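Straight from Swiss-Prot, the features:
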type	residues	note
DOMAIN	14-143	domain 'uDENN'
DOMAIN	298-375	domain 'dDENN'
MOTIF	378-382	motif 'FXDXF motif'
REGION	472-523	region 'Disordered'
COMPBIAS	480-492	compositional bias 'Basic residues'
MOD_RES	Y500	phosphotyrosine
MOD_RES	S516	phosphoserine
MOD_RES	S517	phosphoserine
MOD_RES	S530	phosphoserine
MOD_RES	S533	phosphoserine
MOTIF	547-556	motif 'Clathrin box'
REGION	611-634	region 'Disordered'
MOD_RES	S632	phosphoserine
MOD_RES	S633	phosphoserine
REGION	652-732	region 'Disordered'
COMPBIAS	694-704	compositional bias 'Polar residues'
COMPBIAS	722-732	compositional bias 'Basic and acidic residues'
Amino acid sequence: MDRRTRENPERTFDLVLKVKCHASENEDPEVLWKFPEDFGDQEVLQSVPKFCFPFDVERVSQNQVGQHFTFVLTDMESKQRFGFCRLTSGGRICLCILSYLPWFEVYYKLLNTLADYLAKELEEDLNETLKSLYNHPVPKANTPVNLSVHSCFITPDITGLPTIPESRNLTEYFVAVDVNNMLRLYASMLHERRIIITSSKLSTLTACLHGSAALLYPMYWQHIYIPVLPPHLLDYCCAPMPYLIGIHSSLIERVKNKSLEDVVVLNVDTNTLESPFNDLSSLPSDVVSALKNKLKKQSTATGDGVARAFLRAQAALFGSYRDALRYKPGEPITFCEESFVKHRSSVMKQFLETAVNLQLFKQFIDGRLAKLNAGRGFSDIFEEEITSGGFCGGSPRSYQQWVYTVKKGGALFNTAVTKATPAVRTAYKFAKSHARLGLKEVKSRLKHKDNEEEYGTCSGLVQYTPVYTLHNEKGENREKHKLSQTHLKRPHKSLDGTLYDDDDDDDDIERASKISSEDGEETRAYFYESDDSVEAQVKAPYSGEMDLLGEILDTLSTHSSDQGKLAPAKSLDFFRSMDDIDYKPTNKSNAPSENNLALLCASGDQGEWNLGQDDSALHGRQLPPSPRKRVSSGGLTESLFILKEESREKPLCADSVSGPTVVGKPAPTSGLRSQPAAPEASQTERGRAEVKQTPGQAPLQSEDLSVPGPGSRQSTFVPWEKAGKEDTKPSKDVGLLQEVVSLCHMSCDFQQDLNISEESRSGNQT
């Protein structure tokens with residue numbers, strides 16, 4: 001019961017009454033009209049009319065008491081139901097709206113509209129307006145609501161701090177009572193005294209009670225709370241328990257005639273406060289002086305300055321409650337009163353020793369603990385004020401630790417995970433790892449879909465969705481690990497394309513895995529990584545690691561660009577349709593040299609460099625639209641080792657692979673095309689120069705490593721095609737590995753010396 005208002009009321013209001021007061025106080029008020037007409041709670045119908053005239057009706061007129069005021073009824077659940085009233089006809093007629101919503105300004109405005117309808121006898125408009133609001137779902141904060149042409153409002157935000165002049169209650173309270181009496185009343189409320197506030201204006205009286213009680217936030221007055229006391233309940237002032245009661249000045253003489261002991265009385269009309277206690281001196285002097293100086297500033301008079309000044313005082317007094325929160329494995333989070341009090345100064349310690357026994361503080365702590373242990377958590381302006389003001393005596397990270405515990409499912413759930421049996425823990429890790437894989441797959445699909453929308457899709461091509469997985473470096477051998485670490489401390493690429501570092505990620509996990517314990521030490525929370533996730537990652541066809549071979553080719557392309565003018569990486573034929581592509585071989589000499597390299601690169605004949613689609617179009621094979629596949633660093637390293645070992649073990653014959661040669665009259669079906677991989681082709685061939693050993697595929701032999709002649713086009717090895725097709729047409733089944741071998745040889749030549757002379761070319765031909 002940390003708050004007294006109902007969180008989710010069913011309706012905007014429950015009842016509207018028109019009550020008539022008789023001339024004699026001995027006669028009960030009479031209900032003239034009600035809405036809805038079928039309202040059947042007789043107890044409410046009998047009690048509400050008596051609260052509509054909380055003054056001496058025989059002595060006071062409407063001009064003396066004002067128009068608007070509010071009373072409060074408490075239901076069986078200790079929740080407050082507000083009665084918003086407006087006096088008319090000289091104080092003899094009262095309109096009352098009963099609601100669980102503390103919308104003071106909204107209902108005061110609605111009462112004025114209803115009074116106008118009654119004065120003009122517009123009963124149809126009156127019923128239509130009430131019916132529209134009664135059937136309207138409870139709107140959220142700051143939502144405009146239109147009831148009729150002349151009636152509309154914006155729902156207030158009751159969770160925020162009250163502001164001046166928007167809050168009528170706080171405005172009237174701040175204007176009617178000076179700063180010193182506000183501080184004395186505040187201190188008396190913190191000590192839970194018996195408090196009476198009196199005034200001749202009902203509107204000012206009820207505003208002072210509601211305004212003073214609101215300044216206790218985030219705590220709430222937990223005892224008897226009657227903003228305005230009707231004549232038949234004056235004996236409540238003799239109750240031995242704490243109370244906060246408002247009494248009209250016409251009835252205060254009757255109250256003083258009763259035996260009152262230890263009662264604090266605030267007279268708003270004379271701005272005087274009578275108290276047998278000196279509660280203000282028991283508060284820490286630094287807190288009181290800071291609050292007093294803040295309230296006296298002119299800038300505090302508007303906005304939320306007054307409410308925030310009291311909020312800061314509350315944070316200074318009670319903000320260290322976070323340091324007294326205790327957590328033991330297997331038990332809910334608890335609050336240690338001894339720890340809350342013992343480390344304070346003498347004045348603060350004396351006050352807190354009294355404060356821990358206050359009902360408003362106990363309800364506040366119980367509400368916080370209930371939210372923490374239920375896993376809901378809390379984040380309000382009070383917690384923000386504690387953090388910003390540094391009123392928590394412990395580590396600044398302590399509150400984040402509790403929030404982290406809540407996010408992990410509450411203290412009880414966290415205990416269940418850490419104290420679970422190995423079987424339960426393994427199941428938890430398995431579910432967690434597969435949930436991560438599923439999330440990564442969804443992100444990769446969304447990313448691939450965005451790429452398709454951005455670059456378009458090629459008709460007739462098979463689309464694929466790469467599955468990005470985390471790479472397990474522990475299972476690699478030492479040689480692969482060295483090759484993958486060619487670029488030291490290479491940041492990995494995340495699923496959304498951003499770069500991150502493993503060390504930073506580990507630090508974040510370590511920082512997030514701290515929770516506080518009873519003795520103030522910090523223990524680590526458990527972050528489980530499933531062993532099953534590693535197996536799932538190995539089976540993934542593609543990986544999100546960097547393409548090292550592609551970067552090597554990029555480097556070679558950059559070096560070769562200095563030797564001559566280069567054309568764009570992709571020709572315009574890349575965007576041509578499949579029917580427009582011509583694959584007729586040319587009969588010119590393609591031997592690369594220093595003289596004709598620039599001509600080859602800048603040649604207008606794009607048939608030589610249209611490697612983006614020619615292979616798939618030539619054989620009718622459907623390849624992925626992306627020119628560059630992503631492979632894992634482990635698989636790529638393995639391919640490079642295979643290429644190096646096979647190239648060293650067995651020299652390649654002239655029919656297989658040779659260096660660049662000069663061909664005078666190239667035959668259409670034999671010979672070797674000696675055209676090097678120019679920089680234009682390196683961009684498109686980069687994604688194709690990758691090898692993937694699929695299950696069931698025969699080991700590659702050096703005899704199969706051949707490059708196509710000038711009469712045939714280089715084809716890309718498709719791993720999902722059956723091996724039976726290789727025996728039918730050898731000219732069409734040249735694998736991707738052939739291109740890799742040729743690229744490696746030619747890349748070495750480019751890297752050693754791009755100035756290819758005539759002597760080296762004749763030596764290679766021999």
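Glycine residues also receive a Cβ, built from the backbone N, Cα and C atoms like all the rest.
DSSP assignment over the domain 'dDENN' (298-375) gives 56 helix, 5 strand, 17 coil.
Over the domain 'dDENN' (298-375), the average per-residue pLDDT in this prediction is 89.
Per-class residue totals from DSSP over the domain 'uDENN' (14-143), listed helix then strand then coil: 43 helix, 35 strand, 52 coil. Residue counts for the motif 'FXDXF motif' (378-382) by DSSP state, with H, G and I taken as helix and E and B as strand, are 2 helix, 0 strand, 3 coil.
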